[in-house]
Structure formats: structure tokens, C-alpha cells
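What follows is one structure encoded as C-alpha cells, with my remarks underneath.
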Amino acid sequence: MGGHGRDEDKVDNGFNHEEEEHGGRKRSNNGAEYGMSVEQIFEKREVPPWKKQLTMRAFAVSFVLSILFTFIVMKLNLTTGIIPSLNVSAGLLGFFFVKTWTKLLSKSGLLRQPFTRQENTVIQTCVVASSGIAFSGGFGSYLFGMSERVAKQSGDNGGFKNPSLGWIIGFLFVVSFLGLFSVVPLRKIMIIDFKLTYPSGTATAHLINSFHTPQGAKLAKKQVKTLGKFFSFSFLWGFFQWFYTAGDGCGFISFPTFGLKAYENKFFFDFSATYVGVGMICPYIINISVLLGGILSWGLMWPLIENRKGDWFNADLPKNNMHGLQGYQVFIAIALILGYVTIATISTIVLPFIFPELKWYYILVIYIFAPTLAFCNAYGAGLTDWSLASTYGKLAIFTIGAWAGTNGGVLAGLIACGVMMNIVSTASDLMQDFKTGYLTLASPRSMFVSQVIGTAMGCIISPCVFWLFYNAFDDLGLPGSQYAAPFGIVYRNMSVLGVQGFSALPKDCLLLCYVFFGAAILINSIKDMLGKKWGSYIPLPMAMAIPFYLGPYFAIDMCVGSLILFVWEKLNKEKASAFAPAVASGLICGDGIWTLPSSILALAGVQPPICMKFLSRATNARVDSFLNSKS
């Protein structure tokens, strides 16, 4: 590893005034946060220089895991848009793959460089950066919102731009690296001076540190076995369900758990292993908030508004028309949710060629304000672990959409949202990774290189995975389909609202928006005033907003996951704490990776053999009567 590496890293880390030399090796000075017992185990291990933290095996493993996690994130993006933190899963699987590889090489006497926690951190950073593009790339929101399919649902005349692999990859390469350069100079301020916690980054660091202790390695081995079991179960369950989905409304995903009337209002358990796993990862209050939002909207408000058709809106309008019931569903949800020079120059020149609606001066204004907003987002993520990238994107939609007006304003607003989201999302992700690196003594230089390489991977992998979904599922983006991409229509209609103003909304929709906007501010204010102890019991309006458009079916799945975790913690809290993330990750990964063979089967024209439907008694009686008349 070389003795010169210590001095090189000392300059490179940029954290030296908070560290002390201990026996010629680094040790963190803030023992309370970092866990001195862990650092004492590593006292006799030399920190490798930053170049040796970047290995070919690390990036090979990162590439494989990036494909896996991109499929998972893309599936979540195109169904509900709720993306859990996958940092822990990335760290765990990265450890497992490289540890297995190095063990084989060690037995054969070919191992030249041992596996370190710094290399593990590089893998985790690269995978999260790559799969993060599947979210910030807007495949389920602003980017898909530009398509003709969503434009028809919206019923506006704002133009469209259909997805194409070439321009999507070009667009992502132009905008995805801006966030990396916007907050790099601020890493010392955020992590050293402000001492921001970055909860996900800190938790991931402690996990990686524990893997590389003798006791932690044993536990990690057991965790990986558990993950493997539930991965296999989830994958096979997805395969089994596929056989019964030969037509629309078929299979276990359409099982009327609470009766057919409840099913019509989207109250059912759809047997999704993914969302049971997501429910085990998300905090209880998130899952409860989502379920409450579903009950309030689909259990109470939409049936009442539906009864007002012919008065509040034209009774002949289809359900997915924005001037009818869907207008209330989308805009009330919006009301609740609204709580680098060189690269900037290149993208300012290039983007208008890809999107003529986006003038160069719109882009220039975005880049002037983006670093400030990126700082705000990174600071907020450090305090709360919650990235508000989508909120800043919505701000860009309204601002640029209104500025551009009816002459291409809808598309301009969506593209501006994409530019802004990529900058602020990447900035907060990078700072989380810097925190992880700080606590594992990984060099910021190696972390930055890993983030750049991961981002470049994501700019190619994510569009290719999306293209597979787009071509495999003809009904992608349509209401009621398996991959409804609900945020595509939400983002497009925010852009329409920015261009057309409030006159585009159906009767009394604006009044209801004001009511729910005010309610969201009031609930958030009460939550903040009560403090962490009591405020944690108050539902989150942002989480409550999601089922307003989608329905509560996935919230039921998530609450089942919460219930499993709650019972497990009551029976054996220590075991639940150690293995629940592995179980949840296995359920998410298995179901997520099943989308790959199911997409390939769909592209090959192979259809499931059976359509299992659940009909009402009256419908069953009519079917029986028809069959008897033919016999």
C-alpha cells in the first residue's frame, strides 16, 4: 500500500484539522459520532492512497450492481414514484461480491491487494450515483411527461417530444454532471464546520465499517444469505404471478382483497413483494401517512366529487381528462407536495439544439440560481435526510413555463425541471457520499472520481433500461396499467398550469387546492413546533399526497411490510435490526430483477397463458347463463 500514501491522503482528504495522527495512522477525533470501538479495530490498518482505493474490480462490481439497481429504481419510478434508500443494499452486495472474489484469489495465492472499507465505499458511491440517474433522469416524471402519450391524457396543446435513446443519453450527459461541481468546494463547510449528520451517509458508513471487522464479516455473511433467500422467493413469486396475467385486470395484482367495490376505489392488496420490502425500509410514519392519504382521497373525496359530475364538471368527460375528476386528483396532490462554469456553458449551447423550446437565456438563468438551490438541498438533506430535488424542479417548471408562455412553454418548463432536478439531486447525493467517505476514511478525491464514473454509467444504463420498458409494455404510462408512470401526467399538468394559469382547472378545484395547500403548511408547522419526539407522530403531507392520484393499493402493501417489521421487533428486536434490511432488500431486488426477463418475454411476443379474473356475483351469473345456453 506504500507508506507515502499517508501524507498524500492527508492533503487529499481535506478533513485534516478534525483528525489526529495515531501511531502513524489516522483516527477520527469525534468519537461520540463515529464509534471509537470501531476505529480502534482499524488503528493498525494503514489507509491506502486514493488511487489504490479505485480498483478495476470495484468498478466491475459497480457496473453489475448498477444494472440491477437501475431496474429496481426504474420499476418503482414507473409504478408509484416512491424510491427507498438503496445505499445499505449497495454497500452490502458490494462487500459480498468483492469479498468472495478476494477470498478465491487468496486461496490460490494470486491476491495482490486486500479488500478495504475505502474500496467498499467507492463501490457503494458508484452504484448509488449510477442508479440515481434513473430517478433524476425523470423517466417516470418530467422526461416521460414530454411524450405524446402523456400529452393526449392531459388534453393540452403544448406540443410533445417522444422518447428516443439518442437524445435522452445526450441530454443526461449534458446536465447530470453539473451538480457534482456545484457543491464540491463546500464539502468542508457542510461536514466539518456545520457538522451536518447526513443520516443515510452516516448509517452506510457504520455498516461498511462493521463489515470489515471480524465480527461484522460474520454477520454480513449471514445477512447476504438471508438476502439471497428472500431474493429467490421474490423472483420466483414474480415468475409465478406472471402465468396468470394474460390480459388487463388479470392475476393476483388485481385481487379484490376487500371486495369489488373497494377494488374499484383501489383498496386492495396487490401481492407486491417490492412494496412489502419498501414498507419494511420506510419509517412507520411514512407508511401510515401514505395510507391516510389514500383513505382521505379515494375513500372519501373522490366518491363525493364523482357525485358532483354534471355540476362541477362535464359528465361526459372521460375519467382521465384533466378538466374532469382527474384534474382534482392531480392538482390537489400538487398542492400538498408544494410545501462548474465550463459544463454550464456547454449545456447552455447544446440543450437548445435538443429542445428548441428551451431558449439559451432560460438555461443561463437556471445555472445562475442552481448552485444556491443545490446548497440549500444539500444542507436540508444533511439535517433531515430528505432531498427536495423534485420540489426545486417544480419551481423551475412554474418559473420557466410562465416565462415561455404558450409558445412552447409546456415543454420548456419540463426540460427546465430536468436540468434543475439533476443539479440539486446530484449535489445532495454527493454530500451524503462525502459523509460516508469521511467516516470510513475514504479519500474525497476517490469518492469524486467514483461519483463521476457512476454518473457516466447511469447516463447510459438508465436510458437503455427505460427503453426496454418503453418497448416491452405498450400500455406504459396509461392510467390503470401496470406501469402507469403517474408522475408523468402530474409534472406535465404542472407545466400546463404554469403556462395557462388557473383558468385550466375545473370548478372549485382551485379552492380545494388552497384548502389543502393551507392544510399542508399547518400540519408541517405543527410537526416542526412539536419537535422530534412528538412531531414524529404527525403524518407527512408530502407522503399523504402520493395516493391522491395513484390510489391506496401500494400503501396497503407498505403497511403490511411495516406490520411484519413491527411484530418482528416485538419478538426479537436485535435480530430484526440486523436482518430486516436484508429481508427487505431481497424482496425488492428479486421482484425488481424479474422485470428483466418479463420485459424480454414481452418483447419476444411471449404472453402469459392464463387470465385469472375476479368477477362480481352478478357478472358470474351472466357468464354461467351464457355458457349454459351454449352447452
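Just so it is clear, glycine is given a Cβ too, placed from its N, Cα and C backbone atoms.
Just so it is clear, the model here is predicted, and its values are computed rather than measured.
For the ranges 122-144, 421-443, 605-627, the feature annotated in TrEMBL as transmembrane segment maps to 122-144. Only residues 6 or more beyond the boundaries of the transmembrane segment (230-255), in the same chain, are considered here, and those with a CB under 8 A from a CB of the stretch are 263, 268-274, 277, 480, 482, 582-583, 585-591, 593-595, 597-598, 601, 607-614. Of the ranges 122-144, 360-379, 448-470, 509-526, the one with the most Cβ pairs under 8 Å to the transmembrane segment (54-76) is 122-144. Of the Cβ pairs linking the transmembrane segment (546-568) with the transmembrane segment (360-379) and spaced 6 or more residues apart, fewer than 3 are under 8 Å, so the two regions do not touch.
The transmembrane segment (122-144) shares the most Cβ pairs under 8 Å with 448-470, out of the stretches 164-186, 275-300, 360-379, 448-470, 509-526. With Cβ pairs under 8 Å as the measure, the transmembrane segment (360-379) is packed most heavily against 164-186, out of 164-186, 275-300, 448-470. Here the transmembrane segment (164-186) has Cβ contacts under 8 Å with residues 133, 136-137, 143, 340, 343-344, 346-347, 350-351, 354, 367, 370-371, 374-375, 378, 418-419, 422-427, 429-431, 448, 451-452, 455-456, 458-460, 462-464, 466-467 of the same chain, all six or more residues outside its ends.
A Cβ distance under 8 Å defines the sequence-distant neighbours of the transmembrane segment (448-470), meaning residues of its chain 6+ beyond its ends; these are 54, 58-59, 62-63, 66-67, 70-71, 74, 78, 122-123, 125-134, 137, 139, 163, 165, 168-169, 172-173, 176-177, 180, 184, 426, 429-430, 433, 476, 483, 595-596, 599, 603. Taking Cβ pairs closer than 8 Å, the transmembrane segment (275-300) reaches residues 76, 80, 82, 84-85, 234, 265-267, 329, 332, 336, 536-541, 543-548, 551-552, 554-562, 564-566, 580-581, 583-588, 591 in its own chain, all 6 or more past its ends.
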